[in-house]
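Engineer: As annotated in TrEMBL:
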DOMAIN    52-336  domain 'Dihydroorotate dehydrogenase catalytic'
BINDING   A67, G68, V69, D70, K71, T91, S150, N183, K217, T245, G270, G299, Y320, T321  FMN binding site
BINDING   K71, N116, R117, M118, G119, F120, N183, N188, N246, T247  substrate binding site
ACT_SITE  S186  active site, nucleophile
Amino acid sequence: MNFFTDVARPALFRLGGGDAEHAHEWTLNRLAQLPAPALAALRRRYAFSAPVDVFGVRFPNRVGLAAGVDKNGVALQAWPALGFGFVEVGTVTAKPQPGNDKPRLFRAKDSEGIVNRMGFNNAGAAALAERLAELGPPGSAKRPVPIGVSLGKSKVTPLEDAVEDYLASYRLLQSYADYIAVNVSSPNTPGLRTLQDKDSIGALLQALAGPVPVLVKIAPDLTEPAIAELLEVCLAHGAAGIIATNTTLSRDGLAPADRHLASEAGGLSGAPLTARSRQVVRFVHTESGGRLPIIGVGGIMSADDASRLLDAGASLVQLYTGFIYRGPDLVKAVARGARPVRTAAAR
Ligand SMILES: Cc1cc2nc3c(=O)[nH]c(=O)nc-3n(C[C@H](O)[C@H](O)[C@H](O)COP(=O)(O)O)c2cc1C
């Protein structure tokens with residue numbers, strides 16, 4: 001018997017009458033309130049050390065919590081105890097915003113997927129900065145693992161003012177970030193994905209250039225020529241790496257019982273995304289000649305999926321949907337099974 005899949009998950013999936021967002025908030029709050037002895041017990045069970053240096057940052061292991069799980073950084077002591085080697089908080093925006101109307105989060109259980117159109121619900125960059133300030137700067141004792149900060153565009157800000165909007169968040173948060181993730185790939189903010197265009201991403205990267213590594217998170221729905229163009233700009237502007245990928249607009253891979261979710265607006269994640277994310281990671285790695293370190297994310301549901309993403313060229317991996325369906329055992333299995341990657345000094 002597996003405690004998470006046989007006991008904890010069914011109970012969590014029943015919370016709030018089966019409402020996925022209710023279960024998410026409930027769990028986050030519980031994790032945020034765990035007392036020190038509980039954290040220590042989790043740490044003994046799940047923490048796994050296999051340090052690696054990527055884009056100048058030391059990671060205790062290769063497995064991170066993906067953006068969107070803990071947008072406001074409320075449970076930052078829990079994630080390392082659950083085995084994660086880094087945490088990406090956010091996406092936050094310069095202005096606090098409520099996100100899209102509910103319901104906006106749907107489990108595709110038979111497919112081991114999620115459809116979401118959260119729309120960057122978050123407390124804003126200033127609130128996150130305040131929270132991170134309590135922990136101190138990168139490297140301080142209350143930060144046992146690196147914290148990446150994911151930035152997005154406020155919904156009310158017109159696309160043509162996007163750079164200023166990202167910059168406002170960046171100014172508040174850069175001194176607390178081990179790395180910055182520029183999220184230009186959420187399908188849930190109108191027009192956001194157009195910021196992946198050559199000129200837009202160039203302007204953004206130029207504005208955010210500084211001592212903190214900046215990574216660009218891309219969509220799995222981009223064509224290879226579009227990715228190639230984006231990579232050129234990333235290399236030219238000194239981006240530290242690529243995060244591949246965000247959720248997909250495709251509905252391929254949904255099991256028959258989940259087909260009704262195909263018509264829900266939003267991005268699909270989890271098992272239906274596994275193969276496409278790997279393709280994108282492989283393309284980014286090959287096309288950039290290994291010069292841009294990659295954080296691989298999308299459909300990692302097993303240690304084997306993670307190893308295959310690392311083999312495709314990722315240096316680090318992140319979990320979201322796999323963690324929801326498989327729990328902390330997956331984090332440990334991935335951290336333990338993540339094979340040291342072959343050559344490439346950049347990695
Ligand atoms: C409910 C939900 C909210 C998300 N929010 C964000 C977000 O705020 N920023 C972001 O960059 N990615 C966000 N993502 C995308 C994930 O970080 C990840 O890239 C994607 O889900 C693919 O990984 P997975 O298959 O392991 O879930 C979100 C995903 C889900 C399911």
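Note: Cβ is positioned from N, Cα and C throughout, glycine not excepted.
Since the structure is predicted, the reported quantities are computational estimates derived from the model, not experimental observations.
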Engineer: What count of other C-beta atoms do you get within 10 angstroms of the C-beta of V69 (FMN binding site), across all chains shown?
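Structural biologist: That number is 21.
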Engineer: When the number of other CB atoms within 10 A of each residue's CB is tallied over all shown chains, which of the binding-site residues K71, K217 has the maximum?
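Structural biologist: It comes out as K217.
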Engineer: Using the Cβ centroid of K71, N116, R117, M118, G119, F120, N183, N188, N246, T247 as the reference point for the substrate site, which residues of the same chain not in that list have Cβ within 8 Å?
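Structural biologist: For the substrate site the neighbour list reads G68, T91, G99, S186, P187, T189, G266, G267.
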Engineer: Translate the DSSP assignment of Y320 (FMN binding site) into the three-state scheme.
Structural biologist: coil
Engineer: In Å, rounded, how far does the Cα of A67 (FMN binding site) sit from the Cα of R117 (substrate binding site)?
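Structural biologist: The separation of the Cα atoms works out to 14 Å.
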Engineer: Counting other CB atoms within 10 A of each CB, which of the recorded positions S150, N183, S186, N246 comes out lowest?
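Structural biologist: S186, out of the recorded positions S150, N183, S186, N246, has the fewest neighbouring Cβ atoms within 10 Å.
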Engineer: Filtering R117, G119, K217 (binding-site residues) by proximity to ligand 1: which pass a Cβ cutoff of under 6 Å to any of its atoms?
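Structural biologist: Checked binding-site residues vs ligand 1; flagged K217.
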Engineer: Round to the nearest Å and give the CA-to-CA distance linking V69 (FMN binding site) with R117 (substrate binding site).
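Structural biologist: Per the Cα atoms, V69 (FMN binding site) and R117 (substrate binding site) stand 14 Å apart.
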Engineer: Using DSSP and collapsing to three states, where does G270 (FMN binding site) fall: helix, strand or coil?
Structural biologist: strand
Engineer: By CA-CA distance, flag whichever of K71, S150, S186, K217 among the recorded positions is nearest to R117 (substrate binding site).
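Structural biologist: Result for R117 (substrate binding site): the nearest of the recorded positions is S186.
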Engineer: Give me the CA-CA distance between G119 (substrate binding site) and Y320 (FMN binding site), in Å, as a whole number.
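Structural biologist: Cα to Cα, G119 (substrate binding site) and Y320 (FMN binding site) are separated by 16 Å.
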Engineer: By the count of other Cβ atoms within 10 Å, pick out the sparsest of the binding-site residues G119, G270.
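Structural biologist: Result for the binding-site residues G119, G270: minimum number of other Cβ atoms within 10 Å at G119.
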Engineer: Roughly how wide, in whole Å, is the group K71, N116, R117, M118, G119, F120, N183, N188, N246, T247 that binds substrate, by largest Cα to Cα distance?
Structural biologist: 16
Engineer: For A67 (FMN binding site), what is the secondary structure state per DSSP, taken as helix, strand or coil?
Structural biologist: coil
Engineer: Over the domain 'Dihydroorotate dehydrogenase catalytic' (52-336), what is the model's mean pLDDT?
Structural biologist: 96
